[in-house]
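Worksheet: the structure to be examined is printed underneath.
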Amino acid sequence: MNTPKSFFWAQEYFTPWDYTARAITRILAYRKTRFQEMLIAETGAYGKGLMLDGHWQSTTADEFLYHEALVHPALVQVVQAGGIPRRVLILGGAEGATLREVLRWRSVEQVVMVDIDGEVVEACREHLPEMHQGSFADPRAEVVIADALDFLGQTEPIWDAILSDLSDPVEAGPAYRLFTQEFFRQVRSKLQTAGAFVIQAGPTGPVELWQHTRIVHTLKTVFAAVQPYAIYAPTYGGPLGFALAAQDPISSRPEPEQVDQILAQHLDPDRGALRFIDGITLLGLYQVPAHLRRAIAAETTVYTLANPPQVE
């Protein structure tokens, strides 16, 4: 195997004692914005990637695992609850890849992406076309540079799905308020009857799952149904959790044939086939392992503005 002559290691810590290292071969953009530290770079093995505050958000090699898992289970849930995903709100999502996945749905008439950091959005638009694939220019898409909490307070309850594609909820970062009970109540009030909400919900590895269990437990104090699930993408160094929430029931054993039929009816074939999500994959994702089920059941902490997520 050929090793580049010039590179340096980008280290990402998961605990004070554990980190992963990824080789950076070229820096495409670096800056400290008003909200966070941003790096867009070419890596040795995983293509281009976005790093915020020292944490990888996505790389071109495996971002499809994350973005398909974030978007399509939620929109399938809307259909299964008797709705049609016409209006979708994305919170965060600077790379434009979440936007890309939403725009696969032919029923979508309007998708608004709200991100607090316009500098990061513009850098991703310039340097990560492999991720957004021109989605920012789609006439159905609108990008709003604003605080998601403020935007939600002003919007009407018109949304069929709200997708939270935010950086990790650390108190020093811009997103920690968006993982609290107060915020989840705001989200619920802005959804249509058959609407669904999905959130990136932290790592689910055995020594890191406390944040995930608290997010899921907090959601359960607000929504009638919550389905946790997780993916493994090498960029993140371990399993990463999500939580899907709705007022209608969410089947933990979705019928693969029905899911495949929904996807076939609603996805635009001109935008290419999904690489990760299908009926069998969704069924597998929803089978939460025993240790995680027990940890969620035992969780008692509720994230609030008075008791927000913190680094532990």
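Including glycine, each Cβ sits where the backbone N, Cα and C put it.
What Swiss-Prot lists as domain 'PABS' is 7-247, and the listing cites sequence analysis. For the domain 'PABS' (7-247), the predicted model reports an average pLDDT of 94.
Shown in sequence order, LEU91, GLY92, GLY93, ALA94, VAL121, VAL143, VAL144, ILE145 are the residues of the chain, 6+ apart in sequence, with a C-beta less than 8 angstroms from the C-beta of ASP115 (S-methyl-5'-thioadenosine binding site). Following the DSSP three-state reduction, the secondary structure of ASP115 (S-methyl-5'-thioadenosine binding site) is strand. Taken from Swiss-Prot, the feature S-methyl-5'-thioadenosine binding site covers GLN36, ASP115, ASP147, ALA148, PRO174, and the record attributes it to sequence analysis.
In the three-state DSSP scheme, GLU95 (spermidine binding site) is classed as coil. If you look up Swiss-Prot, you'll see HIS67, GLU95 marked as spermidine binding site, on the strength of sequence analysis.
Residues or ranges marked as active site, proton acceptor by Swiss-Prot on the basis of sequence analysis: ASP165. Taking a C-beta cut-off of under 8 angstroms and a sequence separation of 6 or more, ASP165 (active site, proton acceptor) has the following same-chain neighbours: LEU70, ILE90, LEU91, GLY92, GLY93, THR98, GLN200.
For the pair ALA148 (S-methyl-5'-thioadenosine binding site) and HIS67 (spermidine binding site), the C-alpha distance works out to 19 angstrom. A separation of roughly 22 Å, to the nearest angstrom, links the Cα atoms of HIS67 (spermidine binding site) and GLN36 (S-methyl-5'-thioadenosine binding site). The CA atom of ASP147 (S-methyl-5'-thioadenosine binding site) is located 17 Å away from the CA atom of GLU95 (spermidine binding site). In the three-state DSSP reading, GLN36 (S-methyl-5'-thioadenosine binding site) counts as coil.
Ranking the binding-site residues GLU95, ASP147 by how many Cβ atoms sit within 10 Å of each one's Cβ puts GLU95 at the top. For GLN36 (S-methyl-5'-thioadenosine binding site) paired with GLU95 (spermidine binding site), the C-alpha to C-alpha distance reads 15 Å.
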